Structure formats: structure tokens, C-alpha cells
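Here is what Swiss-Prot records for this protein:
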MOD_RES   Lys16  N6-acetyllysine
MOD_RES   Ser77  phosphoserine
MOD_RES   Ser106  phosphoserine
CROSSLNK  Lys123  SUMO2 cross-link
CROSSLNK  Lys145  SUMO2 cross-link
CROSSLNK  Lys174  SUMO2 cross-link
CROSSLNK  Lys174  SUMO1 cross-link
CROSSLNK  Lys177  SUMO2 cross-link
MOD_RES   Lys177  N6-acetyllysine
Amino acid sequence: MAPSRNGMILKPHFHKDWQRRVATWFNQPARKIRRRKARQARARRIAPRPAAGPIRPIVRCPTVRYHTKVRAGHGFSLEELRVAGIHKKVARTIGISVDPRRRNKSTESLQANVQRLKEYRSKLVLFPRKPSAPKKGDSSAEELKLATQLTGPVMPIRNVFKKEKARVITEEEKNFKAFASLRMARANAHLFGIRAKRAKEAAEQDVEKKK
């Protein structure tokens, strides 16, 4: 293989009958067919449920590098299910993924996922366990006739980018130091508790001196 990008230039010392140990990839086309057949078999097995599996929550990617993007998470938090009015045990039976480890750190994420759950619930076609005796919440016979299996992801998540029109850069924007501002904000957040503790101790010492 030719060197790729800025990696180390290798000096391969071939010993140990290396021709017998060459990694081959001849099973790739057959593996592709096998995966496709497995997907189709799974879709038939879980029909009429969505072929892609249960609905996933909207989550933000971690770290400063990627946190402007959203993607599908593992499962909805217990708080999101509670606000949406869905029991955690019922959720798994109607195609909603649940992750009890997840915590909501912002109101925006909570509201977005609660809205997503409510929208999913309104569009859901629920088949009765016994066709002869449908229960409350099950879909009507007309809806069941029109129901088809969803092949793609359930309510796909899209990153929406708002384009800005070209304009003249202001003097204030030119003088703004973005990196320094971010570092300062991060330092202030890190030192908030320490500074509060120091201020409290200083205030207590002043009270003692006055006595």
C-alpha cells in the first residue's frame, strides 16, 4: 500500500512466510448480499413494526468540536417519558427506546424530545393484541388496513443550517477575540465555586475582626 497522508513511512521486514498471512477481502461481495438478506429477514420478522427499529431521541454530540450538530441518541430519558405522559414499561412495547442512564441537562433538549414523543404518539398506528377485542388506544380497523411497514428511520433527524446574507463586518466584530472569550468563560465557570468559597471565608474573617 502507498503511504497515506502524514503517517510514518513503514519499513516492512517480511519474515515468517508472509505470503501465507496476507489478509484478503474476497468475501466482501458475498458478505454484502448476506447483510442485505439478513436485513430483509429481520424486516419480515418484526413486521408491521418499522424496519429500522424503535424511535430514538435527538441528542447533541459531545465536545466543543461537534456540539453544533445533533444526531440520534440511544434512548429517551425517564424524565422525557414522564413529561410526555408515557410509562417507561409501555414505551418499549410501542417502539420507543428507553435509556434510564440519560440525564437532561437543558430545558431545550427536554422540550424537543417531549415534542418528538408526542408527535410520534399522534402518528402511531397501534395494532390490537386480539383483533376481536381491541382495547382503548388501539387504532381503528380502517387505519389498520392502510398501515404499511416503514422502511427508513423513524422520524429522521436533520441538521438545519440557517444561511446568513453577506454583510459588512462591524468594527466591534473585528475587535472581538473569540478564542480568548471562550477561554475566559470556561475559566470563570471552573473557578465559580472556588471564588464563592473564598468570598464567604473573607466575609466571615471580617465579621470576626469586627468583634
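Heads up, residue numbers simply count up from 1 along the chain you see.
Positions of Cβ are set from backbone N, Cα and C atoms, glycine also.
Rounded to a whole number, the distance between the Cα atoms of Ser77 (phosphoserine) and Lys123 (SUMO2 cross-link) is 21 Å. Taking the Cβ of Lys177 (SUMO2 cross-link) as centre and 10 Å as the limit, one finds 9 other Cβ atoms among all the protein chains shown.
Put simply, of the recorded positions Lys16, Ser77, Lys145, the one whose Cα is nearest the Cα of Lys174 (SUMO2 cross-link) is Ser77. Its Cβ placed at the centre, Lys145 (SUMO2 cross-link) has 8 other Cβ atoms within 10 Å. DSSP classifies Ser106 (phosphoserine) as coil under the three-state reduction. Ser77 (phosphoserine) falls outside any helix or strand according to DSSP and counts as coil. Nearest by CA distance to Ser77 (phosphoserine), out of the recorded positions Lys16, Lys145, Lys177, is Lys145.
Ser106 (phosphoserine) sits 27 Å from Lys177 (SUMO2 cross-link), taking the C-alpha atoms as the reference points.
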